[in-house]
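Just below is one structure, and these are the notes that go with it.
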Amino acid sequence: MKNITRHLYFWVLLAIILGALFGYVFPERGVAMKPLGDGFIGLVKMLIAPVIFCTVVLGIAGMSDMKKVGRVGAKAMLYFEVVSTVALAIGLIVMNVLQPGKGFNADVNTLDAQSVADYAKKASAENTTDFIMHIIPKTFTDAFTANGDLLQVLLIAILFGFALAGLGERGKPVYVFIEYLSKVFFGMVNIVMKAAPIGAFGAMAFTIGKFGIQSLGKMAALMGSFYLTCALFVLLVLGSIAVLAGFNILRFLNYIKAELLTVLGTSSSESALVPLMEKLEKLGCSKSVVGLVVPAGYSFNLDGTNIYMTMAALFVAQALNIDLTLGQQLSLLAVAMLTSKGASGVTGAGFITLAATLAVVPSVPVAGMALILGVDRFMSECRALTNFIGNGVATIVVSKWENELDNETLQRELADPTFSDGTGLRNSNEAA
C-alpha cells in the first residue's frame, strides 16, 4: 500500500470514486464542485501552447535534415487518415449489427430542437475554408491566447523552427534559451499535475450531481455499445497496429495509466497532453517526432470522436425510424471524415462536430441530437480516453516508421514502468 500511495494514479482514481459518491449523495453540492475541474483543466491548457511551441521548435531546429520534417508530417497524416476511416467504419458496422436505437420510436416533432440550437449554430459557422484560415493566427501572440488553438501554435512553431535552423551557429543562443525555457515549462506542468486529484474530484462530482446516474437508463444501450466498441477498437485495431510496431498495447496502457485516469476524471484528453509527450520521449521516440505528431493528432487523429460520430448519427436515425441505405451511410462516413478534422481534445467538441456532420447529411435531422444530449457528457470520457490512446500509439508507429524509435528503450520501459513517478514527467534528478 505504501508504494501505491506514492503514485499519482492512485490519488486520481480515489478522487474519481469519491467525486462520484459525493455527486450522487449531494447533487447540488456536487454541481458546485465544477470550478475545481474547470480550474485544473484551465491550468493545464495555460501551459500547453508554450510547451508545444518549445518542443516543436527544438525538434525541428535540432534536425540535420530539414526534409525530414515534411516526411514525418506526411507519414503522420497518412496514418491519421487510414486509422480514422477505420474508426468511422467500425462505428457504422457495430450500429448496423446491434441497432440499439431500434424500438425507441421517437418523433422528431416532439423533440426540443432549441436544446441543440447552440451546437448547430457553432457547427454551421465552420466550413472547410474557415477551418483552414483559422489555422493562421492574426498575430504571433494571438496563437498563445484564449482565442488560439494548437494548430496555430504548431504553425508558428514549425516556421520558427525552420528559421532558427537556417541561422546555423548564429541561432545557437536562441536554441539554448528555448531549451532552458522548455525545462521551466515542464517543471510548471509537473507542479500543476499534482493537483490532478482535485480536478478529477470536482469534474466527476459535477457530472454525477448535474446529470444523475438515473439519466443513463434510457440510453444504456447506446452507451454500452459505444464503450464496447471503443474497447474493441483499442484492443483489436490499435492492439494489432501495436503488434506490427513491435510493442504490446496492454503494457502501453499500463505505462500511461496515470494519464488515462487524469483524462477519465477531467473528460479532456488535453489535460494529460504534456505528460503523454514526456512519456513518449522516455519510451524512445525522438523529440522531433513527438513534437510534430502529438499536437497534430489532437485535431486530425481523434479515433474516439470518429467512432462516436457514426454511432450517434445512426442511433438518432434508428430512434426516429429512419432507414438509411448503404449509400447514405457511406455518404455519412465521407462527410464525417472531413468534419471530424475540426474537432479538438476538449470537452463537448464531439457533440459540435456531430452537429456539423448532420447539418450536411439531410437524411438525419439535427434536432434528433436532442435524444442523446443528456448522456453525451457520460460518453465524453470514453471519447477522450480513446483519442488519447490513439495519439500515443500513432506517435510510436510514426517514430518506428521514420526509424526514430529506440526499440531497446521501448521494450525496457514497457516491461518495467515502475520507475515513473506517476506524472509522466522527469523528476529533478533525471532532468539533471
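Backbone N, Cα and C atoms are what each Cβ position is placed from, and that goes for glycine too.
The following features are taken from TrEMBL:
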type     : residues : note
REGION   : 412-432  : region 'Disordered'
TRANSMEM : 7-26     : transmembrane segment
TRANSMEM : 46-64    : transmembrane segment
TRANSMEM : 76-98    : transmembrane segment
TRANSMEM : 150-168  : transmembrane segment
TRANSMEM : 180-206  : transmembrane segment
TRANSMEM : 226-250  : transmembrane segment
TRANSMEM : 307-326  : transmembrane segment
TRANSMEM : 346-373  : transmembrane segment
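The transmembrane segment (226-250) is in contact with the transmembrane segment (307-326), judged by 3+ CB-CB distances under 8 Å for residue pairs 6 or more apart in sequence. Of the two recorded stretches, the transmembrane segment (307-326) does not lie close to the transmembrane segment (7-26), with fewer than three CB pairs under 8 Å once pairs fewer than 6 apart in sequence are set aside. For the transmembrane segment (7-26), the neighbouring stretch richest in Cβ pairs under 8 Å, chosen from 46-64, 76-98, 150-168, 180-206, is 180-206. Same-chain residues lying 6+ beyond the ends of the transmembrane segment (76-98) with a Cβ under 8 Å from its Cβ atoms: 221, 225, 228-229, 232-233, 237, 241, 292-293, 296-297, 300-304, 306-311, 314-315, 318, 329, 332-333, 336-337, 340, 390, 394, 397-398, 401.
The list of residues near the transmembrane segment (46-64) in space but at least 6 beyond its ends in sequence, with Cβ under 8 angstroms from a Cβ of it, reads 143-144, 148, 150, 153-154, 156-158, 160-162, 164-165, 171, 175, 178-179, 181-182, 185-186, 188-189, 192, 270, 273-274, 277, 286-292, 295.
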